[in-house]
């Protein structure tokens with residue numbers, strides 16, 4: 001295969017491992033056993049490659065191909081002093097590492113620099129092209145459902161526009177593995193062969209355009225800007241390139257790259273952006289040399305394949321001149337020039353691909369082809385699968401219409417060939433995707449119609465899954481997003497334990513949370529998906545497999561007391577008062593216990609003496625139904641501090657280790673009283689093998705919980721109080737007038753309180769996708785709004801281009817920006833210049849996180865502008881409701897425009913009185929600061945009714961001590977024409 005000119009070879013530096021140390025392939029493999037339950041997978045980890053060529057990682061095979069002339073000691077190697085030469089006989093399959101903005105990452109890949117040369121021209125390597133355009137894939141288990149959906153959307157995008165096919169791997173030797181590695185976005189170029197090859201989708205790389213770009217490398221593309229003819233089309237601005245990254249802009253020699261006759265493509269998804277590896281975000285490193293349609297063409301897009309990308313891929317994989325990939329749930333296609341006959345020597349292929357779990361009905365509505373024995377000359381052929389070697393369902397010619405064809409899976413291959421000109425019509429066919437059906441396999445995938453895009457309205461799909469006798473059916477959800485409703489009345493997925501609609505109901509599911517794993521009691525499981533005619537969501541993706549219950553065997557998996565079956569495995573556990581022995585099967589006596597009294601006490605082992613090392617004690621406290629348990633510590637002393645890494649006490653609502661956590665405590669500070677969420681509580685004490693302390697003593701008591709029965713009648717959250725309860729709604733909802741139900745609130749908020757808390761929608765759960773919320777905060781005039789972040793967990797991106805919170809210094813989004821925030825690092829407090837602040841939160845349709853929690857308050861002082869319109873200024877934010885607080889010092893600078901002075905009119909003035917105004921006072925200065933002439937210090941009943949400045953500004957200072965407080969002051973200010981002299985009137 002000639003190396004396709006959409007990724008650079010980057011002949012920057014070849015970095016070798018230490019001389020004298022043999023290469024061990026085990027050093028460059030990564031175990032996927034924990035990521036994929038189907039089987040352990042080993043592939044070479046590009047982050048541990050044997051060598052690097054610029055930002056390209058090389059393995060042993062690549063090293064042999066490159067015939068390296070010189071080795072370099074890694075320990076002695078420095079980025080600026082190395083000079084290594086390599087012979088490059090051909091285009092090899094080498095990983096290219098790239099970050100979220102189209103730039104190679106400065107990490108394990110592409111971190112060394114130097115000089116190199118090629119002694120021989122690149123040769124054609126046809127083995128790097130995927131045979132028949134079929135690329136098997138595996139997605140590692142460490143990705144979320146939304147990430148998997150993005151990967152599938154990107155693969156379907158390539159399939160839609162080319163003849164490449166991405167197929168879930170079964171037993172193929174060569175395939176790609178989507179995984180998460182430190183290299184960031186990193187993938188091999190072309191087919192490596194001889195086993196799996198990694199495509200790393202690292203941190204912040206899980207965006208549609210970025211994944212499409214990385215799949216371009218898998219298909220066989222190099223970066224566009226390294227073509228030999230690039231200097232005719234773009235200029236490299238070398239003075240703007242980051243030091244040490246210049247080698248990323250080398251171009252390839254004419255004999256090293258094959259552009260397949262395509263012109264330079266500014267719009268290619270494989271092109272670097274204008275500021276790639278730039279010293280600054282606004283400095284260009286690549287600039288187009290000429291205009292296209294009157295403007296300089298944009299470069300570096302990560303939105304979709306360009307026309308040039310599509311044309312080049314179709315040439316590389318020798319796609320038929322006619323035909324296409326059909327992915328809609330219904331559609332039609334016909335022979336060329338239908339119904340006016342077709343030309344000789346035509347070859348067309350249509351690939352029909354619908355959602356896994358669906359089948360295809362293909363119906364020929366018109367057929368008029370040259371008839372021959374065995375349809376030898378002109379024919380249309382249908383195969384039951386994804387390629388030309390799939391099982392043949394029929395070869396047709398003549399004019400007799402075939403019976404409708406139903407696929408056994410979600411793909412059909414339709415091929416048309418002609419050998420002569422024919423005056424007949426040709427053919428016309430229609431197809432439709434049908435969901436549901438009988439699934440008799442031990443392993444497989446089922447997805448909602450049209451997944452990962454929104455499912456279709458008014459669909460009813462029923463799947464009957466059957467695995468081998470003697471096994472159970474296991475279900476694991478990869479992704480789940482179905483229209484939410486409290487009782488799943490509209491759209492839902494229903495799962496039943498059997499093979500019919502009358503079987504035992506396991507659950508009816510909707511919303512955005514993935515259901516727990518499901519296991520049938522027999523070898524059959526029944527699934528039903530229903531959508532109504534209105535709101536459509538992304539749907540679901542689920543894996544099914546045969547599952548055996550080890551705990552049902554006579555020896556209960558070898559467990560002495562309890563055996564807990566899990567999907568794909570099992571684990572042993574012990575009764576309360578016992579703990580697992582080191583062999584993880586036997587149980588031995590332990591501290592703790594199972595307590596059902598309404599009140600009592602618990603202590604650490606050995607109390608009141610020091611507790612022993614290596615103890616693990618669990619107390620399970622259970623009260624009657626409708627009661628809650630409160631735990632109060634009388635004494636507390638354990639090893640540790642805030643980290644609680646060594647010895648600690650952990651308190652949870654519930655009886656299991658994954659119940660709601662109230663707190664993890666250590667050190668010498670007594671925890672506050674803890675009240676359980678339900679009628680049970682779990683208290684766990686752990687000590688390590690080093691320092692021991694006195695431990696703890698605590699007592700517990702019970703109180704009736706009205707929320708435990710029918711949630712107190714509350715639709716969402718019920719909060720128990722001693723002797724009563726109250727209903728509350730989550731963020732994004734408000735309480736109904738009946739004080740029990742919740743109704744959805746708008747996401748545009750007006751906040752007028754002087755202080756409070758603001759959270760992202762659905763806090764503390766993940767915020768929904770495609771959401772935009774605003775908060776317009778207004779405070780008392782003269783007091784600036786201050787925003788302090790308590791928690792921050794928003795999808796991260798260097799420029800916060802995806803999900804983000806934006807803060808504006810004013811009443812709306814037209815005001816100056818104070819900051820745009822994302823990621824998990826808490827921003828510093830944000831302070832407005834005035835009494836208004838505007839917040840806007842935005843989420844896209846992919847990754848969701850917990851969101852943010854922030855408090856807003858006020859800070860006195862600042863600069864305000866006076867004009868002809870009268871404005872107000874108050875001594876404190878809660879003026880009229882409370883006295884001013886003690887211990888404050890505030891300064892306001894009131895500024896008028898040039899040629900105007902400032903007029904102050906006091907409406908209210910009540911400040912602690914003292915002869916010299918030495919305690920609380922207001923002070924006025926005729927200027928910007930306290931060096932200006934002082935107009936006076938006032939307390940008690942206050943200054944004159946009106947005050948005029950001699951200049952264009954007035955400084956107002958207010959001070960209070962920490963004792964007596966009063967009502968404060970309220971003044972109004974305007975701008976006036978300058979007076980000849982400063983004066984005041986009463």
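We number each residue from 1, going along the chain as drawn.
Note: Cβ is positioned from N, Cα and C throughout, glycine not excepted.
Because the structure is a prediction, the values reported are computed rather than measured.
Over in Swiss-Prot, the protein carries these features:
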- 1-22: signal peptide (SIGNAL)
- 90-104: compositional bias 'Polar residues' (COMPBIAS)
- 121-320: domain 'Peptidase M12A' (DOMAIN)
- 214: active site (ACT_SITE)
- 322-434: domain 'CUB 1' (DOMAIN)
- 435-546: domain 'CUB 2' (DOMAIN)
- 547-588: domain 'EGF-like 1' (DOMAIN)
- 591-703: domain 'CUB 3' (DOMAIN)
- 704-743: domain 'EGF-like 2' (DOMAIN)
- 747-859: domain 'CUB 4' (DOMAIN)
- 860-976: domain 'CUB 5' (DOMAIN)
- 934: omega-N-methylarginine (MOD_RES)
- 937: omega-N-methylarginine (MOD_RES)
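Mapped onto this structure are the features recorded in Swiss-Prot.
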residue: 214; record: active site; CB count, 10 Å: 26
residue: 934; record: omega-N-methylarginine; CB count, 10 Å: 14
residue: 937; record: omega-N-methylarginine; CB count, 10 Å: 15
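Residues 37, 470-474, 476, 517, 519, 594, 616, 618, 620 of the same chain lie 6+ residues outside the domain 'EGF-like 1' (547-588) yet bring a C-beta within less than 8 angstroms of a C-beta in it. Here the domain 'EGF-like 2' (704-743) is broken down by DSSP into helix, strand and coil counts: 7 helix, 16 strand, 17 coil. Helix, strand and coil counts under DSSP for the domain 'CUB 2' (435-546) come to 0 helix, 58 strand, 54 coil. For the domain 'EGF-like 2' (704-743), the residues of the chain that approach it from at least six positions outside its boundaries are 486, 625-628, 675, 678-679, 759-763, 765, judged by C-beta separation under 8 angstroms. Helix, strand and coil content of the domain 'CUB 5' (860-976), in residues and according to DSSP, is 0 helix, 62 strand, 55 coil.
A Cα-Cα distance of 70 Å separates residue 937 (omega-N-methylarginine) from residue 214 (active site). The residue listed as 'active site' sits 69 Å from residue 934 (omega-N-methylarginine), taking the C-alpha atoms as the reference points. In this structure, the residue listed as 'active site' is part of a helix by DSSP.
Shown for the domain 'EGF-like 1' (547-588): DSSP residue counts in helix, strand and coil, namely 6 helix, 16 strand, 20 coil.
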